[in-house]
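Report on one structure; see the data block that follows.
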Amino acid sequence: MRLPYRNKKVTLWVLFGIIVITMFLFKFTELRPTCLFKVDAANELSSQMVRVEKYLTDDNQRVYSYNREMPLIFIGGVPRSGTTLMRAMLDAHPDVRCGQETRVIPRILQLRSHWLKSEKESLRLQEAGITKEVMNSAIAQFCLEIIAKHGEPAPRLCNKDPLTLKMGSYVIELFPNAKFLFMVRDGRATVHSIISRKVTITGFDLSSYRQCMQKWNHAIEVMHEQCRDIGKDRCMMVYYEQLVLHPEEWMRKILKFLDVPWNDAVLHHEEFINKPNGVPLSKVERSSDQVIKPVNLEAMSKWVGQIPGDVVRDMADIAPMLSVLGYDPYANPPDYGKPDAWVQDNTSKLKANRMLWESKAKQVLQMSSSEDDNTNTIINNSNNKDNNNNQYTINKIIPEQHSRQRQHVQQQHLQQQQQQHLQQQQHQRQQQQQQREEESESEREAEPDREQQLLHQKPKDVITIKQLPLAGSNNNNINNNINNNNNNNNIMEDPMADT
């Protein structure tokens, strides 16, 4: 049966309405699922409080996300083992940002370790509902915020807190895709650097080479075990000596291990010191004056001849980890290998221009200090000048820069002389003040005797003054005697007035 035209029209409108309503309901439920479906309030609240994905934006408005699953880079090892050089070379890469050492993360990890070792603290946490998962999540978020926020955003984030590796297995538990670079250096060179530069490390007695070697042996043993437990796919041992002797070969291995593309900038980190998105330095890091230089051999064998004879004799027993790591405990110095030609050339040029590099180190540290004092304007101006000029090289030294360097050194020398003069004056004042105090103290001790003398003298003076009128003397003689008596009293009181 055929429907009339009017009925067909109504039917089409009804079908159209059904389609529109269906599409509206579908879209509405997609945007507002909680309106049609019951959602657990606790889960909803937790999802709002804990954001899995976080974002950072750089100066070019590029957005970077960071979370616990990201491939973080951790540089570990005993302090003074080349960790600062390693992070400076990585910082020169445009895709990597390490930044300065904070020491925050290892302290947080040590605090957590203390809680777990203490039965009292562990019980208190359990009773408070702080489970292992809650603790791990909180520590991971805290560490992630420190790593992500203490420098500029970058595709790959890195942290250089050497002692973090002592808890490397737990760090991998927090960040399963993270990787470690384990910096290894001859323990004799490390200990000599710690002692000569007076680097304070908990447990190290800087007055004893023997004790410091024992502490180094224990620390490196713990880190070596941690790296072995983490596995070769997550922890790579990097020998400082080989990195210095063959920088390009080892940096290619390191970047391949980290899944970071090759960039020649990592071989010239000194050109990016304190530049925007470059290699920031800190005035409190002990290696800042060294990493401003290109890769060189200066620090390779400074320890030779500096260690006491009895410690050298017992070295194999004091530090057995030397042999485990492949170092000869009886060789002074060991044969580390032959350096690349350009590294040897860098070393020769540094020796020829030692005063210039020392002056440059002072300038860089002063710039870092001014950053801490919020004088960023001065730093930006100096960076602009560096960018406008040709890049500094060792082979070519711009005369203007050389004269400025010389003037700066002269000014510093004059300031040091003035400071020494002021210190000498202050020392003299202190000696004079001390001498006055000693004199005043002796005067105080002698005061009772003097008071008794005055008491005995005063009656005689009174008798003399009374007897003068009886003898018919004039008033002038009386006044003179009175004035003489007053002068005697003043002489007795002057020393006490100085006090």
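Backbone N, Cα and C atoms are what each Cβ position is placed from, and that goes for glycine too.
Out of CYS98, CYS227, CYS235, the record in Swiss-Prot bonds CYS158 through a disulfide to CYS98. Matching 103-107, 173-177, 203-207 against Swiss-Prot, the residues noted as region 'Interaction with peptide substrate' span 103-107.
Counting residues per DSSP class in helix, strand and coil order gives 4 helix, 0 strand, 1 coil for the region 'Interaction with peptide substrate' (103-107). A straight line from the CA of LYS293 (3'-phosphoadenylyl sulfate binding site) to the CA of GLU101 (active site, proton donor/acceptor) spans 19 Å. Looking at THR83, SER193, GLN290, ASN346, the recorded positions in this record, the fewest other C-beta atoms within 10 angstroms of the C-beta turn up around GLN290. Mean model confidence of the topological domain 'Cytoplasmic' (1-9) amounts to 58 (pLDDT, 0 to 100 scale).
Nearest by CA distance to ASN346 (N-linked glycosylation site), out of the recorded positions ARG80, GLU101, SER287, GLN290, ASN296, is ASN296.
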